[in-house]
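Novice: Quick paste from TrEMBL:
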type	residues	note
COMPBIAS	216-225	compositional bias 'Acidic residues'
DOMAIN	50-85	domain 'EF-hand'
DOMAIN	87-122	domain 'EF-hand'
DOMAIN	136-171	domain 'EF-hand'
DOMAIN	187-213	domain 'EF-hand'
REGION	216-256	region 'Disordered'
Ligand SMILES: [Ca+2]
Ligand SMILES: [Ca+2]
Ligand SMILES: [Ca+2]
């Protein structure tokens, strides 16, 4: 009996995955893709930061107990009263779990941006949803994801990420600018669950880190390991970029 329930739950999760992939394609196809080169995306970073930070108003409102994160119950009422979406309770619960990257049963702001994106994707036309105001930013993230997803599989593999970061660069430029190592490190950051492919939600989660929007690390936790399943007490590693200001210098336009 329990096994059957578990199996059904897995099927339902797969269905949500499939629905999300379809929604990314659909919403991507509805507007003209604007990102043709990685530098186009990088130039949009300041605007993205500005828009994503506006979601903090919703996040703070949803965090009724003022703990700095959102519980499953708070998320359900947030869906009803704040972002106003009509998805089923079951779907909302699954999206919450899918966006709870560190599996601590609560959603911090970085995760909240992801769960809102997933809600935005699954809510058919977002009529009446306050997330409609964030259509531009989420459509931009969709464009960025589709820019990398060359084979339109709904996931990014390592080759696609490597190619996306070095598109247009000559083989010698790739070596000289250190693009191979750089892209490989970016892929490691993108593939949160280390299964060799990057889903849309992993993409957005890592993108937030690149934008500098991840939460500050607790002191004395710098050696945290994202793969450490035993570390119950530790907050999972959310390493800051080595150096924020130079983070993307290697792919930014070098000179005019
Ligand atoms: Ca969490
Ligand atoms: Ca792909
Ligand atoms: Ca993955």
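Note: Cβ is positioned from N, Cα and C throughout, glycine not excepted.
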Novice: State the residues, same chain only, that lie 6 or more residues beyond the ends of the domain 'EF-hand' (50-85) and have a CB under 8 A from a CB inside it; answer 'none' if no residue qualifies.
Specialist: 92-93, 96, 104-109, 112-113, 115-116, 119, 123, 126, 128-131, 134, 136-137, 208, 211, 213
Novice: Take the domain 'EF-hand' (187-213) and find every residue of the same chain, 6 or more past its ends, with a Cβ under 8 Å from one of its Cβ atoms.
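Specialist: Long-range Cβ neighbours of the domain 'EF-hand' (187-213): 17, 20-21, 24, 45, 48-49, 52-53, 98-99, 101, 109-111, 113-114, 117-118, 121, 141-142, 144-145, 148, 154-158, 161-162, 226-227, 238, 240-241, 244, 247-248.
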Novice: Between 0 and 100, where does the mean pLDDT of the domain 'EF-hand' (187-213) sit?
Specialist: 96
Novice: Determine how many residues of the domain 'EF-hand' (87-122) DSSP places in helix, in strand and in coil.
Specialist: 25 helix, 1 strand, 10 coil
